[in-house]
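> This is the feature table in TrEMBL:
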REGION    103-128  region 'Disordered'
COMPBIAS  116-128  compositional bias 'Low complexity'
TRANSMEM  137-162  transmembrane segment
TRANSMEM  182-203  transmembrane segment
TRANSMEM  223-246  transmembrane segment
TRANSMEM  252-270  transmembrane segment
TRANSMEM  277-296  transmembrane segment
TRANSMEM  316-338  transmembrane segment
TRANSMEM  359-379  transmembrane segment
TRANSMEM  417-435  transmembrane segment
Amino acid sequence: MALRLPRAPSPSICFRCLAQLSRPQQLSRPRRNLSTSLRRSTTAAVPIAPTAFGPTVFGPGTWQKQYFLANKFLGGQSGPSLELAAKDLLPHRRRQLRNKLEKEGLVDHSAPLPPDASSLLSSQSESSPAGSLKRLLYAYLALSKPRLTALIVLSAMAPYALYPVDPLLSAASAPTLSALTLAFLTAGTTLASASANAFNMYLEPAYDRLMSRTRNRPLVRGILRPSQALAFAISTGILGVTALYVGVNPTVAALGATNILLYAAVYTPLKRVSVVNTWVGAIVGGIPPLMGWAAAAGASQGVDSGMTETLSHPGGWLLAALLFAWQFPHFTSLSWTIREEYKAAGYQMMAWKYPRMNGRVAARYALLFFPICGALWWVGVTDVGFVATSAVVNTWLVREAWRFYRKAGEGGTAKKLFWTSVWHLPVLMGLAMVHKAGLWKGVWERVTGVEEEWEWEEEEEEEGVEGVKEVTEVVV
């Protein structure tokens, strides 16, 4: 006798799976390789009335494994049975399952974020033989916070590439920005950032051991002595500022030294005094773009250019404002996930002192990206296409920041905003470089060899000079 499908199936079961269950060859042979725990948990969770599917037809041993995979584990199971079957899910099915469980409140969002690079490097260093070069290398690298340093270096290199040089890549002119200057900028910024981070760890070992994010750092674990960390911080700071002064220009060197002092002498102690530390930290994050812009201006105008000349163009300040604004959605979401640890360690953070303010600040500064990106086109740093493409990623950030504010960080909104900010910045800077003003005009000229617009401008200039000569001859 053929099995008839019910007219009103449970909303948890799709018609595709009902059709699959109706096949006699599947119902007659139960799957023996499915674990008992999975069968028990899934059959107990399926909301099917006994009158619609009798137990003689759909007994516990007749459920097919692919049925539960296709239906995202009906009923919100948890425990080993879910983990066992989730291994066989396709990636999009795993995402669907996680979204379903998040909506039902079955996902634990209190789990900490993954450990930072300093913690991982400290573990690598401790596992190396005592006194070995590898042990010391990993420990000193952990002092520099390599991921944060890499982000700072990239935020200085991008403005260097965005500095307006006309006509970029044109067939008639050679690049005016120096690769050697860029190399000195990269090396000097790396060393200056490593110095600031090492000073930070040197000043805070007593408080670092109170937090899960920082208790694995080299000074806390005793891999390095405080005197070694201090010597590393001083030496890298001197080398970094010297490299910026000799290889770039004095303005960039002054900005690098200022950032070390702000981070180590102002921001670090201020964290235990006032929530204003977040704004000071954002200023520290906004200085590297100014360094990159001033480096490019010095390479284009002359190494001896002063601060007024190298920082006169508003483009550098707009890029600094962009990095300044980005710090807030990034850090407010990060601090929210460990707010109780910040509170226990005595750090004055908005996440635990003013949680509603924490969400408002994230949303407000996320909105600032729209006028900043528009202004970059207005002052001639990017073309008009950047206004449209940047609006897409900025809308993504604003959406997550708004959810973070509305739900006060609950429901996984803090982690979503954090990872959105991690991807937002490199994507936005990449779009800015793709839409650099004059880039595609220069590419077109390089490919076709056509320079009609520039030739027309040169002809106008020549005609103007000839006109001036004729007027002069008449007057004489």
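Note: Cβ is positioned from N, Cα and C throughout, glycine not excepted.
Because the structure is a prediction, the values reported are computed rather than measured.
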> By a Cβ-Cβ criterion of under 8 Å, what residues six or more beyond either terminus of the transmembrane segment (359-379) are in contact with it?
278, 313-315, 318-319, 321-322, 325-329, 332-333, 350, 386-387, 390-391, 394, 397-398, 401-402, 404-406, 408-409, 417, 428, 432
> When you scan the chain for residues with a C-beta under 8 Å from the transmembrane segment (417-435), skipping those not six or more beyond its ends, what do you find?
113, 151, 154-155, 158, 161-162, 322-323, 326, 329-330, 332-334, 337, 362, 369, 373, 376, 381-383, 385-386, 389-390, 393-394, 396-397, 400-401, 403-404
> Who are the chain neighbours of the transmembrane segment (316-338) in space, where the CB to CB distance is under 8 Å and they lie at least 6 residues beyond its ends?
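Residues packing against the transmembrane segment (316-338) from afar: 112-113, 155, 158-159, 162, 211-213, 278, 281-283, 285-290, 292-294, 297, 349-351, 355, 358-359, 361-366, 368-369, 372-373, 375-376, 379, 381, 397, 400-401, 404, 409, 414-415, 417-418, 420-422, 424-425, 428.
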